[in-house]
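Here the structure is laid out as structure tokens; the discussion comes afterwards.
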Amino acid sequence: MADWIEIGRVEDIPKPGSRLVETGKGPIAVFRGTDDAIFALHNRCPHRGGPLSEGLVHGHKVTCPLHNWVIELENGEAVAPDVGCAAPVPVRVADGRIWIEIGMRLEVAHG
Amino acid sequence: MTTAKQKLVVVGNGMAGMRTVEELLKIAPDVYDITVFGAEPQVNYNRILLSSVLAGEKEMDDIVISPRSWYDENGITLFTGDPITAIDAEARTVTSESGRVSGYDALLLATGSNPLVPPIPGMNKQGVCTFRDIRDVETMIGAARDHRRAVVIGGGLLGLEAAWGLKRRGMSVAVVHLMPTLMERQLDVAAGQLLQRDLDRRGIAFFTDGQTEEITGETRVRSVRLADGREIPADLVVMAIGIRPNTTLAKAAGLDVNRGIVVADNMRTTDPRIYAVGECAEHRGQCFGLVAPLWDMAKVCAHHLAGGEEMLFTPPALSTRLKITGIDVFSAGALTAAGEEDDEITLQDAAQGTYKKLVLRDGRLVGAVLYGDVADGAWYFDLMRQGTDVADIRAGMIFGQAHAETGGKGSSGVSVAQMSDDTQICGCNGVSKGTICRAIAEKGLTTLDEVRAHTKASASCGQCSGLVRQILAASLGTDVVAEAEPAMCKCTDRTHDEVRRTILAQQIKSMPELMRTLGWKSADGCAKCRPALNYYLLCAWPGDYADDAQSRFVNERVHANIQKDGTYSVVPRMWGGLTSARELRAIADVVEKYAIPTVKVTGGQRIDLLGVKKEDLPGVWADLGQAGMVSGHAYAKGLRTVKTCVGSEWCRFGTRDSTGLGVRLEQMTWGAWTPHKFKMGVSGCPRNCAEASIKDFGVVCVDAGYDLLVGGNGGIELRGTDLLARVGSEDEVLEYCGAFMQLYREEARYLERTAPWINRVGIDHVKARVVTDEEGRRTLHRRFLYSQRFAQNDPWAERAAKGMAAHEFQPLRKVG
């Protein structure tokens, strides 16, 4: 089982907005919604690899700054008509602190 | 009319029942007291569009057909969530689940159908649902939120729409289909395979020839096991293998029931006081699941309820389309030749992914299957319904109407002008071109919404909206239909102009308050509306509104231009294109110190430093600031640069000091936010070396004064400027420029450049406000200068020296 790593506090992230976490597994974007929900995705848009951490956050979605793809923060899936997925990273919040787990691999879709 | 009204009870609050009531109210509004019982808790909604709700393209509110107020306005008593459980045909009463008893003179059964549920072990597990009503859609949306893997059983129309909707909601989706190809009742093998290939490319997995044997799992579903031993993991299983007419009530009441409730041509059941319409009815051995015949039944039934005798139901020819965005399928009539006397014509273009097949019998078209290009669907369907002899056009008809009717010389694509008045445009509602044209002419309709309201064309599944719009355009004699100004985005029905008027009229000075006042549909807007609202508020209240960085695009938030690799470009301001040794030296030092890979001169006469890492931005700015340089705003929807030629100071042709004027203009306007980027140019003579005639605001110096040019654009759509005025002094140039910019700031929609704005409002309007109305011009100019008092702070200095927005430039944490 991979370890959970503490990366900061909820209020360190603009609301709504995101911050970047540099990791050995590449940069990870951590998002905060207006409802204080926290999400984490590998910081690569499935389209052309744009940095999602720089995008505009609205609801539980982020719009990529490069070509305006809209990505679901919950699961990293592009909102149709675009198709693609930014790998989601498991995230937990406890006592206002944010933890992520980056040891895991993305589950492979069937089919 | 008799004094006492008769009593009509309707069992079923769905599309067929309520359409019958609508038709009845149209022809005989005063004959009945109407009571409606519905099993679902909702009012009548458009069941066809549930797949659009599932796919996230529509909200529940969008698909309501009759709001509660409609029932009230028409004096209809409505009981929702209270199904009828018994009919006493002798006493002429019905009893509901909650115990309500209602007497009737006429009873209408519109109980619809139930999803077919096969006797497979495991059907009762958590996470198994059908795809029939709002509750099913809610179940699926919930599952998509909490789970990853979905299996849809059934590769027909409904199953595929369910699969696509779940895919769009982020699930990984597999479809199990009993037959070798998809939608085998509507598509031939070739089209079915194309469809499977396209859906496969969109990430849906298929298990054809797949017979489901068991749904496994403890309390919640874990997998779907097929008869051949294959097992597919699943957190959600959607059954979509077909429907069965809901006849329980009718059977218990002693009415004749086969597969459906047996009705005659007048929609009466075997009890003359009881009628049945919709999916629950069976007419001459046939049940219907598509909407077009249901509408016909509704009309016939209403006619007889109103006392008519003549109108009889004849099943219409049927055509099918699939509601999956980007996949176009059309099918009608025979799918393949039935015997030797039939002919098939096929056309396949693998590169374009299109396929067409026509089936002919006795010189007439009896079937059409179209994949990828369905533009001619309406025409083929029309030829089939009319039974037209197609011998003369047979050779070219596979290429479409335009080709067939012009012998191949016409342009491609069907013109609505070529369609006969009888051509059916809206299959769902059976509306012909003639009906639409008459409504447009008689009622003076000018928008798609009006046509939809008056004729119901494109009101059900909406796929014929494009055709209806074309007919409207042709009827109005224009190229395009003048659309009403569209809503800002999906978060609101308000237009840009309405929002701006509200901000001023109600003195709204914050975004949450604005969204609340205007009833925004989403909690915090989207990437389209938030930057626009932020701009509108800033423009309206420059001294009061607190700019919201989180509602700005990244470039305006971090004051640099994001590049394709996530680095940034930095462009320092060089007033009027002038620079100095000191500035150039500072730039050179910064380039070396931060190892900036590319240095380039821009089209606007500035120096662009490309490839700066985000965390280096404050350092780069600090060093440039030391040499007196500020942000060039090369990233902003705001004033960019003022490009100049050298002018009379050096040039032997120069008439005036264009460089000096450029510097003055830039010093007045830098830092201004505008609806879109704003570029200027000042040329010292008509040779126009600064290319002022393709700028948003250009000045060309001539002997007699200064020609002021506006609305130019050298981008995708080249547009030369319009001449605004000729003025005599530099001060006047500045006043006109400030007034023009302010008018643009206040009137253009967000992301509208000056060129399309002027095309929209007309140069005469701009001249009237800026040139003719002198007092108005001075007021606009004063408002511009007032706004500039708050805008002219160098964002780089604020971030480099004062540490503003430091979080932007540092990672939250570094791990490993």
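The chain as shown is numbered from 1 upward.
Here the Cβ of each residue, glycine as well, is placed from N, Cα and C on the backbone.
According to TrEMBL, the features are:
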- B:7-283: domain 'FAD/NAD(P)-binding' (DOMAIN)
- B:319-387: domain 'NADH-rubredoxin oxidoreductase C-terminal' (DOMAIN)
- B:425-473: domain 'BFD-like [2Fe-2S]-binding' (DOMAIN)
- B:488-537: domain 'BFD-like [2Fe-2S]-binding' (DOMAIN)
- B:563-626: domain 'Nitrite/Sulfite reductase ferredoxin-like' (DOMAIN)
- B:636-772: domain 'Nitrite/sulphite reductase 4Fe-4S' (DOMAIN)
- B:Cys645, B:Cys651, B:Cys685, B:Cys689: [4Fe-4S] cluster binding site (BINDING)
- B:Cys689: siroheme binding site (BINDING)
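Locations of recorded TrEMBL features on the structure.
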residue	record	DSSP class
B:Cys645	[4Fe-4S] cluster binding site	coil
B:Cys651	[4Fe-4S] cluster binding site	coil
B:Cys685	[4Fe-4S] cluster binding site	coil
Note to self: Suppose the [4Fe-4S] cluster site is B:Cys645, B:Cys651, B:Cys685, B:Cys689. Which further residues of the same chain have a Cβ inside 8 angstroms of that site's Cβ centroid?
What the structure shows: B:Val646, B:Gly647, B:Phe653, B:Gly654, B:Ser658, B:Ser683, B:Gly684, B:Arg687, B:Asn688, B:Ala690
Checklist line | Paired segments the domain 'Nitrite/Sulfite reductase ferredoxin-like' (B:563-626) and the domain 'BFD-like [2Fe-2S]-binding' (B:488-537) in contact, 3+ CB pairs under 8 A | finding: no
Next item on the list: Mind telling me which of the binding-site residues B:Cys645, B:Cys651, B:Cys685, B:Cys689 has the densest Cβ neighbourhood, counting other Cβ atoms within 10 Å?
Entry: B:Cys645
